[in-house]
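Here the structure comes first, spelled out in structure tokens, and everything after it is commentary.
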């Protein structure tokens, strides 16, 4: 697993974690743009550490661009403090090659070696790491803001963890679409509904991310059902974001399944008619930010 994943730009941390520099960090280092999360939420793209504490997942989503074949079994869980320390070292290792890259902003690169934001997502399902709440607190103690992205299949963990920002990412709008698009070994739909209930009481800033796939979940029926799901969670924000035809998802979906930014805006305007309000957008990332 380690050899294959490192060839793809992943730096393995311990037995089950990984770090990878994202496209927007690289662009920011060259002053070529920033992640939409910087525009929407104020984080600094070049100081964001993208990682996962769980190289495994309980779903095999059709839209997932990640290399699912990397997610193997392992024995034993690493300590949260070890993961935090080694993930920072891994980030610095990945950044070291940028010192020889033309066009890199050296001041930003030095700042990037001292990350202050962690995106706990990358690959796999992070809530499968049983000590996730401790991991989040370890990052916080080091001055990090913490963004956690989950598929919502572990409601108990959502009750326990307190990141700066909690994302629940939805593609399915009912149990049937869950089975078809998320492809779990058995239905986890009731757990997702429980997670949305738990999310309502979270002290974190809460975001529902709708990953929208043309031809699968952008029709009127899906829109109406997404509305009901969102209102269960009562999030601070909703992100309507396009599925991107990238990586391994190209083996399961077609280019035509990738919405344009105009498609996303049109979908978001339909949500506006249901009481939402578009507050921002990023054309480059094909995403609209809405609030209730």
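Yeah, the Cβs are placed from backbone N, Cα and C, and that goes for glycine too.
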Check TrEMBL: it lists 35, 48 as binding [4Fe-4S] cluster 1. Then name which of 22, 57, 61 it lists for that same site. 22
Cα-Cα separation of residue 64 ([4Fe-4S] cluster 2 binding site) and residue 22 ([4Fe-4S] cluster 1 binding site), in Å? 16
Spatial neighbour of residue 61 ([4Fe-4S] cluster 2 binding site) that is closest, considering only the binding-site residues 22, 35, 48 and their CA atoms: 22
With a 10 Å radius around each C-beta, find which of these binding-site residues (35, 48, 57) has the fewest other C-beta atoms nearby. 57
Around the [4Fe-4S] cluster 1 site (22, 35, 48), what further same-chain residues have their C-beta within 8 angstroms of the site's C-beta centre? 23, 24, 25, 28, 37, 38, 43, 45, 50, 119
Rounded Cα distance in angstrom between residue 57 ([4Fe-4S] cluster 2 binding site) and residue 22 ([4Fe-4S] cluster 1 binding site) is 20
Mind giving me a neighbour count for residue 64 ([4Fe-4S] cluster 2 binding site)? Other Cβ atoms within 10 Å of its Cβ, every protein chain shown. 22
